[in-house]
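As recorded in Swiss-Prot:
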type	residues	note
BINDING	124, 127, 129, 131, 187, 189, 190, 197, 199, 213, 252, 266, 268	ATP binding site
BINDING	266, 268	Mg(2+) binding site
């Protein structure tokens, strides 16, 4: 019988406190010089949480505020669903929906004020950003220019639902979220080159590995790896470790051109729930601490074109929201959202056509 090697599963315990330390409002206050300008709305009202958790997406229609997402649909032969409506009306049960203008008007106004102050923003809750729901906006990013885009993005995200319902899943000291306060973070929008985002694994105050976050091939990254590692070493040992209460964590950073500064994007728990990207968690957990405090970790990069990666867009498994999969959305809401989506795409196409004509 031939010998066969087996890989031992290495347990990586994580506590509730470690997860809480990775909440944006906690760690961002420790490193204000290394994060983008943002507004944090703390202790969100229960009605807002219910609004995010309810079936369907109810957008506010304000009299003095125009939004393309709430403009009345003009019926024509392409969107006349009268044959559907009679049957559906009899089968639909009345459910009291949470509405922004009625149930949390103060928060709604704070969101509008934040947009006026910061311009476009990218939202996130305590831990997660709705990166899986960018399909719902015409620009296919998390860039929100108006309050209805915030509502659409947050409502359509499974990552946001994870924060609301399973924030402490897998914690050794319990997963109960009772009494947990939620925050909404609005970060001023900036265009980031995904090739220059990196994930850094820190175990027992030592860097044990780093990887690019975007899993596509960029031919210029390898020759810059020493520059990237110098900046990563500096921010981990001189900035983060002296103030962060835990010695094991996963740090997301951004290093923009001309590669003389580094910014903190996020801090995540050192746990299997955090995506290990180009590493495996067993691989990370098995890395021994450096000898003589001299760290010689690997910055792992994609070294060749991965055509399969291009064929499978990131977060594509989430590009149909759970509400639609379960057919639990209000049918009328689905029809209206579909029509508005068509109108937005048509408007975007006209604007692009106008821009191209003006350039010629």
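Any Cβ shown, glycine's included, is placed from N, Cα and C.
Annotated features taken from Swiss-Prot, shown on the structure.
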| residue | record | contacts (Cβ under 8 Å, 6+ apart) |
| --- | --- | --- |
| 124 | ATP binding site | 24, 130, 184, 185, 187 |
| 129 | ATP binding site | 122, 123, 142, 159 |
| 190 | ATP binding site | 36 |
| 199 | ATP binding site | 210, 211, 212, 213, 250, 251, 252, 275, 277 |
| 266 | Mg(2+) binding site | 22, 24, 251, 252 |
| 268 | ATP binding site | 22, 127, 249, 250, 251, 252, 274 |
Largest CA-to-CA spread of ATP binders 124, 127, 129, 131, 187, 189, 190, 197, 199, 213, 252, 266, 268, angstrom: 21
Three-class DSSP assignment, residue 124 (ATP binding site), comes back as strand
DSSP secondary structure for residue 190 (ATP binding site), reduced to helix/strand/coil, please. coil
